[in-house]
Amino acid sequence: MIEKIKLTQFTKSAGUAAKIGPEALAQVLCQLEITWNENLLVGLNTNDDAAVYRLNEDIAIVHTVDYFTPVVDDPYDFGQIAAANALSDVYAMGAVPLFALNVVCFPAAYIDVLKEVLRGGNDKVKEAGALIAGGHTIEDEEPKYGLSVTGIVHPEKVIKNSTAKPGDVLILTKPLGIGVINTAIKGEMCPSETYLLAVEVMKYLNKEASEIMKEVGVNACTDITGFGLLGHAYEMAFSSGVTIEFDKDSIPLIEGARELAQMGLIPGGCYRNKKYLKGKVCIKVEEDEVIDLMFDPQTSGGLLISVSEEKAEELYRRLNKKLKFGAFIVGRVKEKQEYDIYVR
């Protein structure tokens, strides 16, 4: 039965493209009263990747939750991708994951399929050096899976998205194009080589990238997921009080993604991201499929790291030596200008 199941056919939208758009989400969150505590080091105020709560002078808890609908048809791969995506928030904060809880919404008729999803998630968490400690399930006709992840970090070594500094160099650790490729997968229009490459990109942990950036020392970091490169860069720029400038020609793309974008296989999340970022992003170059892919919602995307120019060469060299998909210098941090983001 497992071989006959195509998980993506159960869903309306795939992966992080299924997120509520940033514009709608902002309208909800702005009405919430933000409660604060001196030990809550990172909360709702900066749209960061995870919450951080200080327990004592040496330990802070980093906590996040992330789950979504299937992005691929193979249940084991889906489990691995969902786990890698959830763990990424902890890595972006410079923390070490300790344990995770499964979050499951699944049709009861496909328990054998669910077993494979959970096996994939468990294997990826094990690869991260963490543990699955339990979870929660809901019966649902549209499958969803992910994790609630808890990690730790020294309170003075938290890497936030709100501390980028003018003069910093921006380095991205995975190529873009996942949202477009996932749309092609769901429509059964994705070439097999592009499909297989995208699966490998999504399954790849940001663990080594996080370890290297901690050793080198960086100013800020965020992971690139549902709001796309430009959406998450906007959160970094706005929270840091700076402007970010991207070089369009330096943007890395998964092989085959550009061609799929040219075919018009653009996910709805891309258009939601564009709408939200209107007036915040200034495109100074021809708007083509590369620009679409900069708005494209990613699933288990890479880290966007803001590092001082003095340390950028070392970080770039070490990341490229270690990471499976390399690292790419994609832009710079500038003093605050009229727009939060420029693409040149």
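Each Cβ is built from the backbone N, Cα and C atoms, and glycine gets one as well.
Positions annotated as active site by Swiss-Prot, on the basis of sequence analysis: Unk16. Positions annotated as ATP binding site by Swiss-Prot: Lys19, Thr46, Asn47, Asp48, Asp66, Asp89, Gly135, His136, Thr137. Marked as site 'Important for catalytic activity' by Swiss-Prot on the basis of sequence analysis: Lys19. Marked as Mg(2+) binding site by Swiss-Prot on the basis of sequence analysis: Asp49, Asp89, Asp223.
Overlay of Swiss-Prot annotations on the structure.
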residue : record              : Cβ contacts under 8 Å, 6 or more apart
Asn47   : ATP binding site    : Asn161, Glu235, Ser239
Asp49   : Mg(2+) binding site : Thr64, Ser88, Asp89, Ala92, Met93, Asn161, Thr222, Asp223
Asp66   : ATP binding site    : Ala82, Asn85, Ala86, Ser88, Asp89, Gly146, Leu147, Val149, Thr225
Gly135  : ATP binding site    : Leu101, Asn102, Val103, Val104
Thr137  : ATP binding site    : Asn102, Val104, Cys105, Phe106
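Taking all protein chains in view, 26 other C-beta atoms sit within 10 angstroms of the C-beta of Asp89 (Mg(2+) binding site).
Listed in chain order, the residues near the Mg(2+) site other than Asp49, Asp89, Asp223 are Asp48, Ala50, Thr64, Ser88, Val90, Tyr91, Ala92, Met93, Thr222, Thr225, each with its Cβ within 8 Å of the site Cβ centroid. Its own atom aside, the Cβ of Asp223 (Mg(2+) binding site) has 28 Cβ atoms within 10 angstroms in the protein chains shown. Classification of Asn47 (ATP binding site) by DSSP places it in coil, neither helical nor stranded.
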